[in-house]
Amino acid sequence: AMDWQVLTRELSLYLESQVRVGLFGSGVGLSLVLGFGVAYACYYLSSIAKKPQLVASNDRFCRFLEEYCPVVTETYYPTIWCWEGRVQTLLRPLITSRPHVQYRNELIRTADGGQISLDWFDNNGSLNYPDASTRPTVLLLPGLTGTSKESYILHMIHQSETLGYRCVVFNNRGIAGEDLLTPRTYCAANTEDLEAVIHHVHSLHPSAPFLAAGVSMGGMLLLNYLGKAGRDTPLMAAAIFSAGWNVFESVESLEKPLNWLLFNYYLTTCLQSSVSRHRQMLEKLFDMDLVMKARTVREFDKQFTSVMFGYPTIDDYYEDASPCRKLKSVGIPVLCLNSVDDVFSPGHAIPVETAKQNANVALVLTSCGGHIGFLEGMWPRKCTYMDRVFKQFVQAVFEHGNKILSM
């Protein structure tokens, strides 16, 4: 038995040395690693890193973007080790830094007796625009359960700060720590609160150039507002990121088993916790036990959102909430960034043909990037592709907007 143990030990030591010397000493292992690396790099460069598709029927708008927002015509190189849509979506909130932003909070009252929480970044240290009355203002709209604390909002403010602009974040009702004064929250289709905020901000700074940027549901809400307002808005232009264009297609995609597991269930619990804080106020109108039993966003919307806003059925609500139906009526320049691998807004549901029929609309479609992902660089903590599109477009509009605003 002793001889057998010695023999096995000797054999394993010999094999270990052979693997070490043989694989790497002879270069076989190194060749394998290098070969795999080269093959992966070739695949990445041929199939993953691509120029985005720019969809815009208006030559003037196209030329404007090419000149002042060149990022939309450059190759987007997603982070080489996490380019897949779901992975980008899951990683971005965990991996990106959170720039420090000092807000000034303002609560404004609404016509129905409710209140909206606005978080201002005044940028009083702005060197480019020392006069507050004419300092360009960016209104930011976060996603479904997002607030002014989201990392993507903080990054947009950080970009705006360097350019000298003022920002104000529109937090949906009841979501940013303030109390609900009436049994009403928010949805993607009802634009009354957004209209009130736009009117309020504009009335405070009537001489300041004014633009809005919406992310995910914030982008859907902004598009729905612009579709109703046409040219009748104080906004000069708008930027939209990762909007869900067709809500039916979005919820269907999110109900596929893997997507439900990774995103839908978590999103539903976020929605439930955002309303459970106001349970006493909401119980007057809703069966909150039923709302808390929802296991998908669709079930939550069926029991809560569609009922709150008076839609006969959930299909009526989803029809009204889908921005693809309003795109033809948008009357100011709008840039919309989507990734075609976004499970929240599937590529086949992006209204490319409708966009081509409106001279005010430009779509920028990347092949990778997920939902509000758009990570780039080896260790993507700082700036994303989306941040760069935001920065260049906002600067283009505020500094050279006269070239497109008369379209």
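Positions of Cβ are set from backbone N, Cα and C atoms, glycine also.
Positions annotated as transmembrane segment by TrEMBL: 21-46.
According to TrEMBL, the feature domain 'AB hydrolase-1' maps to 136-377.
Long-range neighbours of SER216 (active site, charge relay system) (same chain, six or more residues apart, CB within less than 8 Å of its CB): PRO142, GLY143, LEU144, GLY146, PHE241, SER242, ALA243, GLY244, PHE344, HIS371, ILE372. For SER216 (among others), the entry in TrEMBL reads active site, charge relay system.
Cβ neighbours within 10 Å of ASP342 (active site, charge relay system), excluding its own Cβ and spanning all shown chains: 28. For ASP342 (among others), the entry in TrEMBL reads active site, charge relay system.
Taken from TrEMBL, the feature active site, charge relay system covers HIS371 (among others). Neighbour density for HIS371 (active site, charge relay system): within 10 A of its CB lie 26 other CB atoms from the protein chains shown.
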